[in-house]
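Remarks on the structure that follows.
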């Protein structure tokens with residue numbers, strides 16, 4: 001779809017959406033996003049220029065359907081997929097991608113660490129994806145040296161990053177905010193470093209006793225991203241991995257560095273979003289969102305959860321969706337889903353479905369709470385269908401129509417029950433929605449109440 005849009009830009013030194021927005025240009029991608037979001041195109045341009053919105057759109061991802069992540073747009077959901085050394089393959093990951101898109105993923109991250117040729121897996125996913133694809137390049141850096149990350153040089157990291165750009169990756173998680181001086185701050189934590197990318201960089205720093213190469217070569221990464229319009233997802237290497245560690249000095253020290261890096265990228269018109277926690281008690285979620293906005297000059301915030309309790313392995317799509325809904329309400333732009341398998345294993349297709357639906361609920365609830373225009377229209381339409389016992393319309397309006405129909409049909413499968421004025425919960429005689437109060441009923445009641453009031 002984008003081939004004709006991109007052709008005139010190829011070969012230019014800077015092809016980012018932010019670069020064009022700051023020149024006053026409304027690109028085809030911005031116009032497409034404006035129609036998707038039902039917002040004025042000049043507002044989209046201005047938000048991208050300001051850095052409060054990103055449109056992840058690598059010029060080599062030509063089959064992309066552009067979307068926006070930012071406070072002015074609807075709250076978005078990211079789904080993680082990816083093969084591991086112990087499970088999955090190309091075909092399975094492409095099927096997970098298709099399932100994620102089916103159930104509403106706005107972006108998808110390929111977090112493959114094994115299971116085959118990582119370049120082939122990534123290319124297959126990008127070629128099949130209408131949504132932006134994100135990656136974590138240090139995973140491939142580690143895989144390429146068979147787990148001996150200390151063997152990598154800064155140039156090796158840059159080579160992997162540029163390769164991902166060439167393949168069409170729309171945004172990359174770059175763990176540049178973890179500084180050597182931050183590492184002693186994790187000593188008082190229960191779970192230390194829980195970011196895989198952060199752990200890889202920490203290994204390199206501890207071995208060489210040198211500063212993080214992604215930090216020292218950050219401007220080199222910017223130059224690469226400018227040529228492809230790849231967006232930064234600045235990784236939170238020191239995000240808390242349990243409630244005890246939330247909002248500690250390690251996390252907030254890195255956040256300050258991420259804010260500085262955000263502004264450096266903006267100086268070169270490169271788009272940035274900032275990743276966040278993690279595991280956070282409910283009473284600290286608002287603080288975390290506000291603090292990110294303050295430190296990072298309102299760059300879009302993108303959180304993993306956060307989980308609001310640590311005692312529910314197997315149900316962390318629920319513990320995290322609670323925190324995600326709150327974070328979205330307070331202004332987080334994108335929610336990274338968590339599946340029931342979090343902390344336990346690699347998610348399968350059903351886990352992807354359950355995680356995505358939980359997060360679509362959270363994002364939608366946040367949009368309603370933030371009074372985004374039209375956010376509640378679908379809810380009201382479904383409520384009218386429910387009151388009218390229009391079962392098929394209820395199913396169609398659901399976030400997961402197949403699941404809604406499946407649960408209804410477990411006890412009342414016959415077609416005749418699709419027009420019945422009851423379900424198996426109340427049965428035919430006890431459904432309160434059968435009590436229809438008409439205008440005539442209310443008029444008669446008002447007359448009675450007026451008469452009764454006069455007698456009193």
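Residue 1 is the first one shown; counting continues down the chain.
Glycine is no exception: its Cβ is also placed from the backbone N, Cα and C atoms.
Pulled from Swiss-Prot:
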type	residues	note
BINDING	80, 109, 139, 175, 195, 196, 197, 236, 237, 238, 239, 275, 302	substrate binding site
BINDING	279, 343	Zn(2+) binding site
BINDING	423, 426, 431	[4Fe-4S] cluster binding site
- request: Report the member of 80, 237 (the binding-site residues) whose C-beta atom has the most other C-beta atoms within 10 angstroms.
  value: 237
Query: Of the binding-site residues listed here (195, 237, 239, 279), which is spatially closest to residue 423 ([4Fe-4S] cluster binding site) when Cα positions are compared?
result: 279
Message: Fewest other C-beta atoms within 10 angstroms of its own C-beta: which of the binding-site residues 239, 343 fits that?
response: 343
- prompt: Which of these binding-site residues has the least crowded Cβ, counting other Cβ atoms within 10 Å: 423, 426, 431?
  reply: 426
Task: Let me know the DSSP-derived helix, strand or coil state of residue 423 ([4Fe-4S] cluster binding site), please.
output: coil
Task: Could you list the residues of the same chain, at least six apart in sequence, whose Cβ is under 8 A from the Cβ of residue 139 (substrate binding site)?
output: 111, 112, 113, 118, 196, 197, 200
Chain-mates of 423, 426, 431 with C-beta within 8 Å of site centroid, [4Fe-4S] cluster: 421, 422, 424, 425, 427, 428, 430, 433
Query: Per DSSP, to which secondary structure element type does residue 139 (substrate binding site) belong, with helix, strand and coil as the options?
result: helix
Message: Using DSSP and collapsing to three states, where does residue 239 (substrate binding site) fall: helix, strand or coil?
response: coil
Query: C-alpha of residue 195 (substrate binding site) to C-alpha of residue 431 ([4Fe-4S] cluster binding site): distance in Å?
result: 50
- line: Rounded to a whole number of Å, the separation of the Cα atoms of residue 302 (substrate binding site) and residue 279 (Zn(2+) binding site) comes to 14
